[in-house]
Amino acid sequence: MYKKLFTKKFISFVMSLLLVLTAAFSSMPFHNVYAADNASVVANIVGDFQDQLGDSNWNIDSNITIMQYVGNGLYEFTTPTQLKAGSYQYKVALNHSWNGGGVPSQGNLTLNLTNDSYVTFWFDYNTQSVTDSTKYTPISNDKLPRLVGTIQSAIGAGKDWDPGTSTAIMIDDNFDNVYSYTAHIPKGDYQYKVTLGNTWAENYGANGVQDGSNIQLSVANDADITFFYDANTHNIWTNYSPTLTGLDNNIYYDDLKHDTHDPFFRNPFGAIKVGQTVTLRIQAKNHDLESARISYWDDINKTRTELPMTRIGESPDGNYEYWEIKLSFDHPTRIWYYFILKDGTKTAYYGDNDDQLGGLGKATDTVNKDFELTVYDKNFDTNDWMKGAVMYQIFPDRFYNGDTSNDHAKTLSRGNDPIEFHNDWNDLPDNPNNAGTPGYTGDGIWSNDFFGGDLKGIDDKLDYLKGLGVSVIYLNPIFESPSNHKYDTADYTKIDEMFGTTQDFEKLMSDAHAKGINIILDGVFNHTSDDSIYFNRYGKYPDLGAYQDWKDGNQSLSPYGDWYTINSDGTYECWWGYDSLPVIKSLNGSEYNVTSWANFIINDKNAISKYWLNPDENLNDGADGWRLDVENEVAHDFWTHFRDAINTVKPEAPMIAENWGDASLDLLGDSFNSVMNYQFRNDIIDFLIGQSFDDGNGQHNPIDAAKLDQRLMSIYERYPLPAFYSTMNLLGSHDTMSILTVFGYNSADPNENSDAAKRLAEQKLKLATILQMGYPGMADIYYGDEAGVSGGKDPDDRRTFPWGNEDTALQDFFKNVSSIRNNNQVLKTGDLETLYAQNDVYAIGRRIINGKDAFGNSYPDSAAIVAINRSNSDQQITIDTTKFLRDGVAFKDLINGDKSYTINGGQITINIPAMSGVMLISDDGQDLTAPQVPSNVVATSGNGKVDLSWSQSDGATGYNIYRSSVEGGLYEKIASNVTGTTFEDTNVTNGLKYVYAISAVDELGNESEMSIDTVAYPAYPIGWVGNLTQVVDNHVISVSNPTEDIYAEVWADGLTNSTGQGPNMIAQLGYKYVGGTVNDSVYGSVYNSVYGVDDSDFTWVNAQYVGDIGNNDQYKASLHLINRSMGYLMRFSDNQGQSWTTTDTLSFYVVPSDDLIKPTAPILNQPGVESSRVSLTWSPSTDNVGIYNYEIYRSDGGTFNKIATVSNEVYNYVDTSVINGTTYSYKVVAADPSFNRTESNVVTIKPDVVPIKVTFNVTVPDYTPNSVNLAGTFPNATW
């Protein structure tokens, strides 16, 4: 940074002057000078607190609350006495009148005081902004930001680099802590910074860095530029956007944008159905891009496709341009896409952000990350009882012992290992990791200890679960198995005898159904137990197991022999190296190809998948669905057949995938319809944990509310809507550390079992549960979490339920929030919107409006706001509700004493206690149904105006008019509460495009969706065109002999009358072969047209403005004629080509030159197959005079079209405007200087994805076995 020094005497003078000036005014900053001052306007702050100031409430004639005029539109008022703690409403009245409704015009502002306080109010007349000191703290005058740099002298704002003389003082006229200053900047290059105050003590430069480098500013032409400084982030920027023209081999990365969460850039939001159209858009600096393309990978078809995008227009302020493509897909799949952007020699790529969470993407020089788009079966759905359910997961052995007679039904665990039975229900699970430590009493054997919990115990506690609000129970495995976890199935056809009998199972199912509870079973179909009737490693079963028969020398004798791969040395494939879990063989890539296994699990009449849903031909006695273990380690087609099978018993029965990551491919509609949402768990933990922590499943690092929202929105965006509302949103499971222990409390650990640790952990659990119960999906409670059970990693995460020793206060909390969920349909199937995500507070909104939920089902109107505050202090947040709900909607906080809240002025202010949350539910009976969306909207373009009309909407008392420059978004409301069904927009510029949409509003303020877009192009009527130049006949054809300039004129009253080119006028010269001349025979044999090319229509070239001819504007163009005799005309449009006015058509003869010899034909080589490109090469042609250029033509089955021209020294061309899987034909035409032309041969090619050979070289230790497995995802790889 460069700084000039001045004498202390001078600085002292400046400081004294500033002190004198500022002493006369309040603490608010000065504003930029505006064209007109508003000192004559009287502004009153009025509200329901005026009585405390010796006035009457809402008194617009008050002389007590008149605001002091500070200058440049700014008013200020500070209460002379403290206002009492409480909630108040207020607004600003102008000139002692309610004309215009006051400020703001719609609704009142809210003031919440937790203590008696003086309050200062501010009003900016120029921006119509109002705020108060509870929401806003201004920078003091002596620290006001100001511009300093070489720009000062250019704008008359003091001496360069002298903050003491800078008069470029920035102000905050919207009260949002963003300070601005506007000045007229001459053309030139500048450097500047921002200082706070009139010294260098605190200054900010590039990227908002304190004492950072100077900021560069290059101004191409004189311009009014606004400079901005954000007092919170210290970022500095301008609104300057120089106009780009032509190719500059540069792309402005900062202006590129694609945001998958913004419906303007991706519409509709989230996963789409097969056949549904998704619109994708990308933003760039206006006139920056030469072309934009999308490249996407189809995860199912394993194909990559590149397609061109279309430039659809520019932003209303002219700063940005937008490119668009519409896509639809005819099959379920997952799409990965990014954008390829070109400007001359520069190529940029725009893909997802580094975390690949969707939302706002990132520009890079090379391909980086792809955005994700899920396409699912249009008939995909889930049972309504899944959506918004409260689920309860039970580990049967540890829940409740209802039948002690089966406690010792078995004596052996795996092989000959004994069963270790706990006679004390309150023992901790045996953890062999602790063997050898003081106090350890276990036998050191894994998974062989039992407590006696059983199916009857669950049945006995159904009333408890019903009282907890549970509507779905998920049972860990219950089939015969040697272990306590039972993920090592010994016999799929039997209930484990320590859990009960088939009759106990049927009774549990029937009793649960009678109480409105559905039950999900756990299916383990990737592996079995080695101690099973199927493998029978230890010979405990009379049936011939696969391993048993292998030992006898013939594995095929066993009916289960083909289920497993057993090597000659007795080793076998097992799950993650555990020899207790032999894996089912994947034959030719799928377990389903093992016929006997597929029949046993899926195909047979009483196959396992179907039997347990209907064990006795009474559906009420069967389970309701399956949770399926390690599903991503089983071939997908196995699961599609599994789905088909269970649909024959209970259609759309749950298939819940155990998938710890992105389960999009599992949720396309052909198999799974839900997933264990471990991502939800991890996101909630990261938000609440407060410190880095490894819970045994992965590292947790703290995030703020904005990152939490980004992560949760990523899940919402990827999953089909029915699946998203049916995801199993868990906080813990049998595979994770207890959620209380994750949050710092473990009753069995002296270092973590203090009352303070428990209190803090329970507070965090309550926060997590509030959000879980307010969020779409199945809110899953892991047994005992609600009773205060803690526990470390497996096996400590499977402690017994503390019957008789529950944390009853925590149980009551769970009962309360689950009842709030169950009693309010809006929390089950209402739509979802993020309302607030800043720092420590996260808030979501749920709605059932217009009488419909997120799935179009009919329910009474309702709304909810759910928010959590993780900070140690109370938080007051103000939520913008303008796009969520109308004013006047009232809520009660059902967690905190039914405290009332109401939306006013397009916002709602909510008080959230420290380390707590709120669940606001709208009061019953409120009308949230909007009028019908306006239809038959018509925009009629006129001269300087657009006339709109539409049909009356039932229930509407008014209409809002929205306008944009592009279809589908960027709308600005230009009129409110229009009472009729017509509107005239006169605030338009002729020649520009305007897009309109209209919404209907009822008397309460419910606003409908916007109507379908309608487009208008206001324009001056073109009154006359003519004076087209007549080209002289017998024009000799030659590359060096273009026609003379061809002129024409246009007159449009009001547009061309004034000096200079009429704005937005387009002129084009058109030409085509007209035939019927004496030279046709010559042209047919020498200057022949390219075969297969349609040249029957006009070809158009742009004409240039020349000057004024009286009241007319004159334009010109010229032609290089390449064949035959020509007809030509000129056309004009001042409405962006929507309509044209043409001159008369003239013609002239083109005659051949002395050179009638055609070039030799180029030989076009057959190109190789490549993905999304075709690379052409050819042999050079020869000619008696020389080759002028080569023209490249392409056909995709119809006529040939010229796609490029290259010089005479270029013999190759790469066509990237192709689509994989489409067949193209190409030919090259050689032309000489007299346009004698000769075609090459035709080649045909179909671009496609090309497999490549990859060799992996791995260095391993000497003791490594001969075979090494390579883990990963390699679609369609051939080894």
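The backbone N, Cα and C atoms fix where each Cβ goes, and this holds for glycine too.
Bear in mind that the values here come from a model prediction, so they are computed numbers and not experimental data.
D343 is the residue from D211, D330, D343 that Swiss-Prot records in the Ca(2+) 1 site together with D248, N250, D288. Listed in sequence order, D397, N401, T404, N406, D407, F421, H422, W425, M498 are the same-chain residues at least 6 apart in sequence whose CB falls under 8 Å from the CB of G452 (Ca(2+) 2 binding site).
By neighbour count, meaning other C-beta atoms within 10 Å, the densest spot among the recorded positions D403, D629, E658 is E658.
If you measure from the Cα atom of D735 (substrate binding site) to that of D248 (Ca(2+) 1 binding site), you get 57 Å. Of the residues the record lists as binding substrate, namely H527, R627, H734, D735, D794, R798, the two whose Cα atoms sit farthest apart are 22 Å from each other. Among the recorded positions D343, D403, D454, D629, E658, none has a Cα sitting within 10 Å of the Cα of H734 (substrate binding site).
If you take the C-beta of R798 (substrate binding site) and look for same-chain residues 6 or more apart in sequence within under 8 angstroms, you find F395, D397, R398, P429, N484, H485, H734, G791. Taken through DSSP, the domain 'Fibronectin type-III 1' (930-1022) splits into 0 helix, 38 strand, 55 coil. Residue density at H527 (substrate binding site): 26 other Cβ atoms are found within 10 A of its Cβ, drawing on all protein chains shown. DSSP assigns N406 (Ca(2+) 2 binding site) to a helix. Other than N401, D403, N406, D407, G452, D454, the residues of this chain whose Cβ falls within 8 Å of the Cβ centroid of the Ca(2+) 2 site are, in sequence order, G402, T404, S405, G453, K456, G457, M498, F499, G500.
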